[in-house]
Amino acid sequence: MIDNTLIFPVIVHLFTAIVLLFFWRKTVAQRIISIAGSLIAMLLAVRLFTMVWNDGIRTMQAAGWDAPFGITFVADVFSSMMVLLTAFSGVAVSTYSATGVARGRMLYGYFPIFHLLLMGLNGAFLTGDIFNLYVWFEVIIIASFVFMTLGGRKAQIEGAVKYMAMNILASTFFLTGIAILYGITGTLNMADLSLKIGALENRKLVDITAIFFIIGFGIKSAVFPLYFWLPSSYHTPPSAVAAVFGGLLTKVGIYALFRMFTLIFIPDDFLTTLLVVLAIFTIITGTFGAVIKNNIRRVFSYLIVCHIGFMVGGLGMYSEIALTGALLYLFHDIMVKTNIFLIAGLIRKLRGTMNMDKLGGLYKEYPLLSLVIALVLFSLVGVPPLSGFWPKIYLFEAGFIDAQYALLAAIIVGSFATLYVIAKLWAKVFWKDQPELPDGESLRDEFKPLNRFRKSLLVAPIVFLAAITLYIGLAAENITAVAQHIAHEMKDVSPYIEAVLGPNVSP
Amino acid sequence: MLPILLLFSLFILLRGHYYPGGGFVGGLIAAIAFVLHSFTNGTDDTLKLLRVHPSAFIPVGLGIAALSMFAPMLVGQPVMTGLWFNEPFPVIGLIGSALFFDIGVYIVVVGVVLTILFTISQYSE
């Protein structure tokens with residue numbers, strides 16, 4: 001069936017970017033177009049999700065070449081959910097950027113690049129072809145390089161060099177893995193690969209190929225021992241950019257891991273053990289980093305690493321319950337991580353610094369705003385009944401069933417460390433009084449002089465994302481139903497394969 | 001030289017579908033034409049000749065290429081399917097949506113190359 005609708009989220013961002021290029025020097029028009037483009041994309045994403053949720057998996061064969069020869073685009077519940085969450089973040093970040101990003105950056109193409117990045121993300125979520133996935137990853141990293149260096153401060157260039165080096169390495173591993181896969185199976189279509197890999201006799205070869213993908217995606221999503229580039233590069237770009245990076249970019253790696261290891265490589269004991277061990281170390285190292293750092297954004301960067309471990313651990317346990325937990329965590333994490341970086345940016349606007357030792361007294365000055373922020377922070381910690389709590393229940397349950405006590409211990413340590421860090425942050429930044437600053441330093445408040453409209457543009461996205469987080473927490477049964485559905489699809493991939501290749505191919 | 005090179009670049013562009021050539025190469029040749037013009041007459045003269053700054057070409061070209069990609073959608077075909085007119089045009093031959101993609105690429109390449117080179121040359125002057 002010819003069905004172009006599923007590619008619309010990609011197209012919208014492409015056209016928004018092109019239209020934005022026509023308004024290269026006109027920053028006001030750019031802001032309006034960007035927000036409008038993101039809103040349209042969000043509507044389309046909602047439509048795509050409801051369609052997939054009601055009618056099942058949708059596919060599109062690009063240019064009419066049938067799978068497995070042409071490039072297939074597939075929207076199952078997992079990918080359309082990711083597109084939906086991306087669209088929410090996109091709306092929030094482009095609204096925030098309208099005042100949160102310096103005019104100089106907008107003059108050098110901030111918004112077009114932002115939309116190309118979102119296009120790449122949506123493409124990566126929707127593609128059903130592994131080489132096409134690689135191409136979308138390239139689109140993403142090219143856009144993100146520009147994003148990181150935009151502004152040209154020395155620290156930014158330094159962060160970008162690390163980021164670029166690691167990502168090129170990751171891409172090389174990924175590409176090598178694809179080459180080997182193509183060599184042993186002769187196909188690049190994910191559904192077709194799933195069938196052919198399953199039929200292969202030489203399991204050792206499959207394991208080794210899988211390791212290429214673990215390394216490639218592991219670097220991108222900052223899994224131990226390849227995480228160190230993330231904290232050292234994510235604190236350099238402006239907060240709106242860091243929000244996209246922290247919320248979405250590492251999660252593409254996670255998405256790809258989930259896709260690869262549920263559809264193509266069905267993990268055997270070796271791979272699951274490997275993933276669990278990696279997850280444990282990721283959690284522990286991320287925790288240590290988060291506990292000792294003092295700059296808010298660096299703390300958040302290490303928390304990303306720590307929480308990536310939760311998801312990889314869920315994948316490693318590989319039971320339906322564990323996958324449900326990991327997916328729930330993924331959904332919750334995208335919303336919350338995007339939001340906390342926006343919050344970090346807002347704190348910087350309010351006070352001109354992100355060093356916790358120099359901050360204080362925000363609660364006294366902005367009680368309502370602080371409550372919203374508290375809601376987000378406590379969701380991150382996982383205080384029941386907020387959104388971080390439910391996935392952990394599933395992860396614990398799965399851990400007890402599978403007797404993965406080391407991973408359980410790591411998750412508990414990670415959770416408590418998150419609690420400690422967030423409590424410290426809350427106490428220092430919001431509760432305690434504004435500390436005395438050393439001589440010669442003063443706080444710069446960029447928030448006060450803004451007019452009401454611009455203030456609301458900064459605060460509205462945070463409230464919007466907080467509302468979604470609250471929804472995930474309070475209406476957990478809806479989200480859990482989605483996650484369970486996806487986990488079920490992951491365990492039984494035949495609907496996916498049938499949707500792509502036609503009804504008569506399943507083994 | 002300028003008209004001859006431009007004409008040649010158009011020839012390369014149109015030849016592209018069945019023989020070596022196409023939008024990218026054609027665009028480069030057209031860009032070379034303008035660069036040579038700027039060598040002899042100075043960058044400012046070339047910019048005057050172009051009337052608009054070359055960076056304005058980029059979105060136009062991108063737009064044409066993207067539209068050619070999504071045109072099949074309007075007639076109910078999957079994205080990126082090649083569409084062809086039934087009647088061959090005089091001189092050029094059959095025209096399909098691939099040609100419009102190539103024209104888009106051509107314009108983008110001219111825009112990008114000239115933007116980069118002119119920015120450098122104006123900066124160093």
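Cβ atoms are placed via backbone N, Cα and C, with glycine included.
Database features, via TrEMBL:
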TRANSMEM  A:6-25  transmembrane segment
TRANSMEM  A:32-53  transmembrane segment
TRANSMEM  A:73-95  transmembrane segment
TRANSMEM  A:107-127  transmembrane segment
DOMAIN    A:129-416  domain 'NADH:quinone oxidoreductase/Mrp antiporter transmembrane'
TRANSMEM  A:133-151  transmembrane segment
TRANSMEM  A:163-185  transmembrane segment
TRANSMEM  A:205-228  transmembrane segment
TRANSMEM  A:240-258  transmembrane segment
TRANSMEM  A:270-292  transmembrane segment
TRANSMEM  A:299-321  transmembrane segment
TRANSMEM  A:327-347  transmembrane segment
TRANSMEM  A:368-391  transmembrane segment
Per the definition of 3+ C-beta pairs under 8 A with sequence separation of 6 or more, do the transmembrane segment (A:240-258) and the transmembrane segment (A:73-95) touch?
yes
May I ask which of the stretches A:6-25, A:205-228, A:270-292, A:299-321 has the most CB pairs under 8 A with the transmembrane segment (A:32-53)?
A:6-25
Going along the chain, which residues at least six beyond the ends of the transmembrane segment (A:107-127) come within the CB cut-off of under 8 Å?
6-7, 9-10, 13-14, 16-18, 20-21, 24-25, 27, 30-31, 33-34, 37-38, 41, 71-75, 79-80, 82-83, 86, 90, 93-94, 97, 101, 133, 135-137, 139-140, 143-144, 146-147, 150, 244, 248-249, 252, 255-256
Near the transmembrane segment (A:6-25), which residues from the same chain, at least 6 beyond its ends, have a CB less than 8 A from one of its CBs?
33-34, 36-38, 40-41, 44-45, 48, 58-60, 73-75, 80, 83, 87, 90, 107, 109, 111-113, 115-116, 118-119, 122-123, 126
Stretch with greatest number of CB pairs under 8 Å, the transmembrane segment (A:73-95) reference, A:205-228, A:327-347, A:368-391 candidates:
A:327-347
Same-chain residues near the transmembrane segment (A:327-347), Cβ under 8 Å, at least 6 residues beyond its ends:
78, 81, 85-86, 88-89, 92-93, 96, 100, 238-240, 242-248, 251, 254-255, 258, 296-297, 300, 303-304, 307, 310-311, 314, 354, 359, 362, 373, 376-377, 379-380, 387-388, 390-392, 394-395, 429, 447, 458-459, 461-462, 465-466, 468-469, 472, 479-480, 482-483, 486-487
